[in-house]
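Student: Sharing the record's features from TrEMBL:
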- 17-39: transmembrane segment (TRANSMEM)
- 71-310: domain 'Thiolase N-terminal' (DOMAIN)
- Cys124: active site, acyl-thioester intermediate (ACT_SITE)
- 317-449: domain 'Thiolase C-terminal' (DOMAIN)
- His414: active site, proton acceptor (ACT_SITE)
- Cys444: active site, proton acceptor (ACT_SITE)
Amino acid sequence: HLTRNRTDCCPDLVASYSYGVVLFTFVFPLTLSVSVSPVQTKSKKTLAKPGVKNIVLVDGVRTPFLTSGTTGLLHRTSLPKDAVDYVIYGTVIQEVKTSNVAREASLGAGFSDKIPCHTVTMACISSNVAMTTGAGMIAAGQCDAIVAGGVEFMSDVPIRHSRKMRKTMLALNRAKTLGQRLSLIGSIRMAHLTPELPAVAEFSTAETMGHSADRLAAAFGVSRLEQDEFALRSHTLAKQAQDSGLLSDVISFKVPGRDMVSKDNGIRPSSMEQLAKLKPAFIKPHGTVTAANSSFLTDGASAVLIMSEEKALAMGYKPKAYLRDFVYVSQDPKDQLLLGPTYGTPKVLERAGLTMNDIDVFEFHEAFAGQIMANLKAMDSDWFAQTYMGRKTKVGTPPMEKFNLWGGSLSLGHPFGATGCRLVTTVAHRLQKEGGQYGLVAACAAGGQVT
């Protein structure tokens, strides 16, 4: 629900995505939906840059995130279907038939077929890349209005034949005689029929991310109790936010052949006693990472509309945020795979001329509870800063009273390609609700990268 007049006082949001950690600076106006009472906040310095276009977030939506099942943005913003200059979407496990899912989603949503579209992938920060790419195109003067988003459907991932079977099938396609075909068919063995399943593992290390999270937790002395407590916190806060109607970016979605879904279904508050009963999921029998303190395989999609400020105001929109800056960092995928937030956060703050104390809202992607707690301990360590980051003093930790207050990926779910837009939209809504001005988002991704 967008109002049609401009507000003059805009709080700023800095978002840091890590693992990839994408660091954004956003400015949010004090514009609230009818269900939220305006909250006054002190006005801090603006992060506008001379000679650089103001880039704004107009709105963001997502489907319910479903444990492993758009036209919603058009409906929410009443956006003319030919008003968008470009569409960019992120995804991780691509379906061959829709390898450029941005184009297929654009056409399916009813956008003009004259709008160019492309698809990006950067593991769990793919939609972050979509957003920063769009922001860059607007800043360069190439576009004025871009839809960016992401999608992942883990319930039906493409499964390949084995390499030997693929090689035989391709040879069959080239065979010219019946004898050649029969010979190739006769060479097929039962082992050739074994499928290749997608693996949530690092190609460079052959290690699953859960295994890396378990080692990271051990390295930083993060106990099983701490991880379970954080997981319970995430689910409890997500349930409170859902029941209070705070997750207003969620739109109802008709699952083909099934019912209409209207809310996330992975939110399941439990008890410490029940969590303690679960066995280690990756390093057995002494690991601390379990199914309950890890994010789960999820289906979902998300989208945001970003524009130059001039275009948004000319069309009568009241922006929710200014997108100011971003940083990508990366580190060793073996030992520091999930430490992106620690490395990315100080860089984005320094670029924006801010400190941790300036940030009003923090939203970090919760890949694993152990990953979050390890980052918090690394950020609070002078020794880590001096030994590994070349810094004289520690980064500092986000206050928990500002951190992921509406739940996170542990409870809401984590469709790989869609989470970035969910984080950014959540920060915008939280800043509005809480009367904050600056927000910081950090999201980790495979390969040891951070945005």
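Any Cβ shown, glycine's included, is placed from N, Cα and C.
Those TrEMBL annotations? Automatic predictions, nothing curated.
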Student: Which of these active-site residues has the least crowded Cβ, counting other Cβ atoms within 10 Å: Cys124, His414, Cys444?
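Tutor: Ranked by other Cβ atoms within 10 Å, the active-site residues Cys124, His414, Cys444 bottom out at His414.
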Student: Using DSSP, break the domain 'Thiolase C-terminal' (317-449) down into helix, strand and coil residues and give each count.
Tutor: 60 helix, 21 strand, 52 coil
Student: Whole-number answer please: how many Å between the C-alpha atoms of Cys444 (active site, proton acceptor) and His414 (active site, proton acceptor)?
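Tutor: Per the Cα atoms, Cys444 (active site, proton acceptor) and His414 (active site, proton acceptor) stand 12 Å apart.
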Student: Could you state the whole-number distance in Å separating the C-alpha atoms of the residue listed as 'active site, acyl-thioester intermediate' and His414 (active site, proton acceptor)?
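Tutor: So the Cα of His414 (active site, proton acceptor) lies 8 Å away from that of the residue listed as 'active site, acyl-thioester intermediate'.
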Student: For the domain 'Thiolase N-terminal' (71-310), provide the mean pLDDT of the predicted model.
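Tutor: 92, rounded to a whole number.
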